[in-house]
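Below: the structure, in structure tokens.
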Amino acid sequence: MILFRRHRTFLLAFTLLCTLLGLGCPLTCEVCKGSGHTCSGKMKTCEDGKDACVVLVSESSTKGRKSVNTFKACMKYKDCYSGFVSTTMTPSDYMVSNAHCCQSDGCNSGSVPPPLNNRTENGLMCPSCIAPFQETCPGTQAARCVGRETHCIYFAGNVQAGIIHTKFATRGCATESACHTKAGAEVPSAFYLYFLRRADCLPAPYPPGRGE
């Protein structure tokens, strides 16, 4: 605890010196990941190009296995979205998240409220598929959109889990906020880092006989 306090005091003093001298010193963020609605870790200096801190809490289901996780790290501000995002591929494969992005030292040391997980179908549908180890995804199934999901997404690229890198592609329903994600972005989740080569996001078509 004493060493942690000394380290934090040093970082604060270093940041103040950088500000006074106009040196443009790198950002420092809390870095951690873990199960539950919060996590705590060490303050780390962000690498070049990463100019934001993020804290993200997510609730996900993978083939029906549910989990709640929290992630804190450095990332590029242009890739960071503050707020709620929901995606659904199948009734048992989905993720909802709430995130906060900020640009001052240690600004992600707190927590964010857990996302509201409304699984009520809203009548919209999107092409759906999950294709690990693949670059494309046919979308021959249909995802039933829930809650505030009004858009269809098609994301593809590479995913990193620790030292493992592999291809992935997926399609399904999403909230409009998912459209913030663009091709070329690095998108974090609790235990994975996605490098997107494709990030399509379009309004979901209304079913026949149903107008806007």
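Residue numbers in this text run from 1 along the chain shown.
Any Cβ shown, glycine's included, is placed from N, Cα and C.
According to Swiss-Prot, the features are:
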SIGNAL    1-24  signal peptide
DOMAIN    27-117  domain 'UPAR/Ly6'
DISULFID  Cys29-Cys53  disulfide bond
DISULFID  Cys32-Cys39  disulfide bond
DISULFID  Cys46-Cys74  disulfide bond
DISULFID  Cys80-Cys101  disulfide bond
DISULFID  Cys102-Cys107  disulfide bond
DISULFID  Cys126-Cys152  disulfide bond
DISULFID  Cys145-Cys173  disulfide bond
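Features recorded in Swiss-Prot, as mapped to the structure shown.
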{"residue": "Cys29", "record": "disulfide bond", "Cβ neighbours (10 Å)": "29"}
{"residue": "Cys39", "record": "disulfide bond", "Cβ neighbours (10 Å)": "19"}
{"residue": "Cys46", "record": "disulfide bond", "Cβ neighbours (10 Å)": "19"}
{"residue": "Cys53", "record": "disulfide bond", "Cβ neighbours (10 Å)": "28"}
{"residue": "Cys80", "record": "disulfide bond", "Cβ neighbours (10 Å)": "24"}
{"residue": "Cys101", "record": "disulfide bond", "Cβ neighbours (10 Å)": "19"}
{"residue": "Cys102", "record": "disulfide bond", "Cβ neighbours (10 Å)": "18"}
{"residue": "Cys107", "record": "disulfide bond", "Cβ neighbours (10 Å)": "18"}
{"residue": "Cys126", "record": "disulfide bond", "Cβ neighbours (10 Å)": "25"}
{"residue": "Cys152", "record": "disulfide bond", "Cβ neighbours (10 Å)": "24"}
Between Cys80 (disulfide bond) and Cys53 (disulfide bond), the C-alpha gap once rounded to whole angstrom: 9
Distance from Cys74 (disulfide bond) back to Cys53 (disulfide bond), taken between C-alpha atoms, in Å: 5
Candidates Cys32, Cys74, Cys145, Cys173: member of the disulfide-bonded residues with the richest Cβ shell (10 Å): Cys173
DSSP-derived class (H/G/I helix, E/B strand, else coil) of Cys39 (disulfide bond): coil
Candidate disulfide-bonded residues Cys29, Cys101, Cys173, pick with smallest Cα gap to Cys74 (disulfide bond): Cys29
Euclidean distance between Cα atoms of Cys46 (disulfide bond) and Cys39 (disulfide bond), Å: 18
